[in-house]
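Q: The feature domain 'FAD-binding FR-type' is assigned by TrEMBL to B:10-110. As annotated by TrEMBL, [2Fe-2S] cluster binding site applies to B:Cys246, B:Cys251, B:Cys254, B:Cys262.
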Amino acid sequence: MTSKYIPADRLTAWLDELAASNRVLVPVRDNAAVAFQPYTGGDQELVLDTQATTPPKGSVFPASEPLMTFEYRKDEENPGKVDVAVQPTMEAAPTVVFGCRPCDARGFTIFDRVYNTDGMRDHYYAARRKNTSFVSLVCKETASSCFCHWVGEGPADTRGSDVLATPVGQGYVLEPITEQGKALVESKTLDNATQEQLDATAQVKQDARDSLGDAVDVSEAQEALLRLFDDMEFWQDVSAKCISCGACTYLCPTCYCFNITDESCGNQGFRIRSWDNCMSYLFTLEGSGHNPRPTKAHRLKNRVGHKFSYYPGLHEGLIACCGCGRCIKSCPVSVDIREIVLRAMETATAETKAS
Amino acid sequence: MTNMPQKNLYLPEIATVREVIQETPNIKTFRVVLDNEDAMNAFTFEPGQVGQLSVFGVGESTFVINSPPTRMDYLQFSVMRVGELTTKLHQLSAGDKVGVRAPLGNWFPYESMKGKNIVFIGGGIGMAPLRTLLLFMLDNRADYGDISLLYGARSPQDMAFQYELPEWLEREDLNTVLTIDNPCEGWEHTVGLIPNVLLEMEPGAKDTVAVTCGPPIMIKFTLQALKKLGFEDSQIVTTLEKRMKCGVGICGRCNIGTKYVCVDGPVFTAAELGDLPNEL
């Protein structure tokens, strides 16, 4: 597929074009954070030189969404009899997410194996996933919290992205990855990329990858975490700082747990799905009062275990983490998932040698 | 708005409560029928499968379908009052509407139990899932060997399904033992904790499967008693309770390592439990 080029000063013309038939989400400043919000036109200042504080997770998996409405209706002829009518609801407008990072888009490929398979299809997710395209921006610079190379290909990973945009000169080379992406770059606003621009693209990708340094092999983590399952001393130690705030889960492009609750007003209301947080005590509290994960050590064990052991155990070794580093960058007490995984592998190896 | 293709995982069938039975001071049984006649006629499930029962405006929660698939006049759920939803359920009466998402989860391995002797050991509300399989086996009686039931509760008034206990006691093809924790005036049956009574009953382990369900502490000591009696882990079947929301292995709440109780369970053999990480 032919790569295109757009000078930065023509970007809004292309976004205007996309916005004519799509909801377009772009990273903009939101107080102290950078978040994805609807594109409103050229006056908006896009923040493209840094990773957004929050991933575009809500574009496909909203923080809160109605699954259905319900309404209790009295039978006019028999007022004692009350029926209930339920109506599914779904919003799945065609959407383009512009300016996320390749790790952000890749997060949805982790979701796909759970939410959108031939055996199990979450229609709300599947409809939005189908209708959402990602134009991901290759990282020109990486952060110390980035570790996409530990868990995937690196800062130019194409998985999950429809178009890969690489900053080159005073603009961007747009490389369509999927058919959806090809359709997005079929625009008169865009020029075909020159060989020189393509060469520069390859160099930017290589430089970004090099800046991350050597990758750490975390393939042993799957077994190590299971081996340490009962070692609560280990888990208490690595979770000592954690304050169970849950920021790591809400900011994670691959965290997909949810809750379902009802909200009503008078005779009608909504059944709502909302993001949930496995670091919360209430997450697994049973009606009987029993809680299989009673301490933050148990809960952090499940969070790290799910990403680096249980999910890979079910999905051909694929790690349920895209290495975006937001959980590290935004943790108020500097819990670092990389340190936990490394320590788990070291501890399990040391225990094996000792035995 | 988009039209939704195929089956929506989260959309419950509307059902009407046909009958409410006060089982014990804090357990009620609800017999419900799906309003859509075709859906009710087409509804199939296996003994041990669960469903999400909902009161619109309050929420939904998981309960075993404790009527057997051999008796499809209604779907029966027994509910202990412990929180907001169960309290709301307890306020319902015949004619009220609920939501049902079912069947969910796996089921008792009744096929591999054919030809074997069966020992049911139920404690308190833990009798609910056992009732499904017990009635299913009684309705297919020739497929199974000797069937015994040990059902215990704290006191006579905590014993559910009292309306069918006389029949169970009278049946010649069912050996029923009822027990309560402490002596009580008027109680004509056994007194003693379930694991102790089980040891006194001394069921043979050969060609036998034990099916047990009840509070965690009862299960713990029952497993010890069964092992004393010579039962291997592969001969012991139980069900796990976990907090669930989606019921279809997506929401990430009920996992134990790589297993999701809502799809890989709730039925497990003791051997399977032994292979799971220790997070019960």
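The backbone N, Cα and C atoms fix where each Cβ goes, glycine too.
Nobody curates TrEMBL annotations by hand; they come from automatic prediction.
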Q: Would you list the other residues of this chain near [2Fe-2S] cluster - those whose C-beta lies within 8 angstroms of the C-beta centroid of B:Cys246, B:Cys251, B:Cys254, B:Cys262 - in sequence order?
A: B:Met244, B:Lys245, B:Gly247, B:Val248, B:Gly249, B:Ile250, B:Gly252, B:Arg253, B:Tyr260, B:Val261, B:Val263
Q: Among the binding-site residues B:Cys246, B:Cys251, B:Cys262, which sit with their Cβ under 8 Å from a Cβ of chain A?
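A: Listed binding-site residues meeting the cut-off: B:Cys246, B:Cys251.
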Q: Over the domain 'FAD-binding FR-type' (B:10-110), what is the model's mean pLDDT?
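A: On average, pLDDT over the domain 'FAD-binding FR-type' (B:10-110) sits at 97.
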Q: I'd like the per-state residue tally for the domain 'FAD-binding FR-type' (B:10-110) from DSSP, helix first, then strand, then coil.
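A: Taking each residue of the domain 'FAD-binding FR-type' (B:10-110) in turn, the totals are 13 helix, 46 strand, 42 coil.
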Q: Reduced to three states, what secondary structure does DSSP give B:Cys262 ([2Fe-2S] cluster binding site)?
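A: Where B:Cys262 ([2Fe-2S] cluster binding site) sits, the three-state DSSP reduction gives helix.
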Q: Would you mind ranking the binding-site residues B:Cys246, B:Cys251, B:Cys254, B:Cys262 by how many other Cβ atoms sit within 10 Å of each Cβ and giving me the lowest?
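A: Minimum Cβ neighbour count within 10 Å, taken over the binding-site residues B:Cys246, B:Cys251, B:Cys254, B:Cys262, occurs at B:Cys251.
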Q: For B:Cys254 ([2Fe-2S] cluster binding site), which of the three DSSP-derived states applies: helix, strand, or coil?
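A: In the DSSP reduction, B:Cys254 ([2Fe-2S] cluster binding site) maps to coil.
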